[in-house]
Amino acid sequence: MAQLLEGARKLGWVLLNAFLRFIFVFINNCVAIPSYCLYCILLQPLRIMDSRYFWLIEGIMFKWMLAMVSLWGWVAGYTVMEWGDDVRPLSEEEAMVIVNHQATGDVCTLMMCLQDKGTVVRKMMWLMDHVFKYTNFGLVSLIHGDFFIRQGKAYRDKQLIYLKDHLDRYYRSRDRKWIVLFPEGGFLRKRRETSQAFAKKNSLPPLTHVTLPRLGATQVILKTLGPQQENGSLGKEASTVHPSQSGSKPKGLQWVVDVTIAYPKARPMDIQTWIFGYRPPTVTHVHYRVYPIKEVPVETKPLTDWLYQRFVEKEDLLAHFYKTGAFPPPKGQKEAVSRAMTLDPVRLCLIQSLAFASGYLWYSVLQYFYYCLF
């Protein structure tokens, strides 16, 4: 009987905590998203006069919005441990980020772990499934200039044309630096079976923890944003020197940042978990590997081989992680070193306070005009 009462008490606490978190997130969205949109509307004259300052301010607000999402996970005890290359020195360089995709929580994890990477978040462009356009955050992403891509063979060719046009129009004009995409084109659980069947048919390595990537969006990004092509690779303007050692800043993409996300016990985290916080405190592990853009081919066959090889490496990284609880050490080293990613609680609380204060300000303004009119 005592065990039943204790179980009921714990369940009640979990449900109460989930309900309170949902109310907080709901109010947070009702306050922050309209405020962001209203400020962007109010600043349209600045966009006409000098778009650089408009996108600077918009980028700061966008980073604050993503910091609020990070706060939802941080309060629940969801943190990130980082492995591999240090990407912070690349924050002002142009880079394409390729990430394995397991669940909607992958995006939240990236929002959290990139918060301390300088200006990356506010100068970042996301490629995401078109269904996100119809979520509460969709309007923010539309204003920011993210690209929503529709999956499926019937749409593939047109979507790649739309992507190139989108990059030509918005990437440079809005001073974007990093572009994030999920080359697998869908969640692991949904694509694994078809990916393994394709691999068997084409004598490719069977993958369990990732799926074979799709080429289209990656190739369009490299051809559109990369430096001058030379002999099938991205040209000499691309840097092979680490940014901290380079005095000049070449034009175009300079790096590919290969990100591998691993969840304990291979249990991916979804956006519902971030909102309701019903999973116990969890550490998500993120591994980075950086490639100079000059090493990346752009022609179809070599790029396909290069991209497949990256995901074979991801498979090995994840297999090692799930077996040992840690990523393998880099070549030439005996032990892999991890870095705890931390968020500044004072900054998070300040951003949250500003959001609520801004929401109250707009409420007061709209209420005043309502009384004046009616």
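Residue 1 is the first one shown; counting continues down the chain.
Every residue gets a Cβ built from N, Cα and C, even glycine.
All TrEMBL annotations are machine predictions without curation.
The transmembrane segment annotation in TrEMBL covers 20-41, 53-75, 131-149, 348-371. Feature annotation from TrEMBL assigns domain 'Phospholipid/glycerol acyltransferase' to 95-215. The region 'Disordered' annotation in TrEMBL covers 229-250.
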Close approaches to the transmembrane segment (20-41) from elsewhere in its chain (Cβ under 8 angstroms; 6 or more beyond its ends): 57-58, 61-62, 65, 68, 72, 75-76, 136-137, 139-140, 143, 275-277, 352, 355-356, 358-359, 362
Long-range Cβ neighbours of the transmembrane segment (348-371) (under 8 Å; 6 or more residues past either end): 28, 30-32, 34-35, 38-39, 64, 67-68, 70-71, 74
Other parts of the chain folded back onto the transmembrane segment (131-149), taken as Cβ under 8 Å at six or more residues beyond its ends: 29, 33, 36-37, 40, 58, 62, 65, 125, 159, 162-163, 166-167, 170, 174, 176, 217
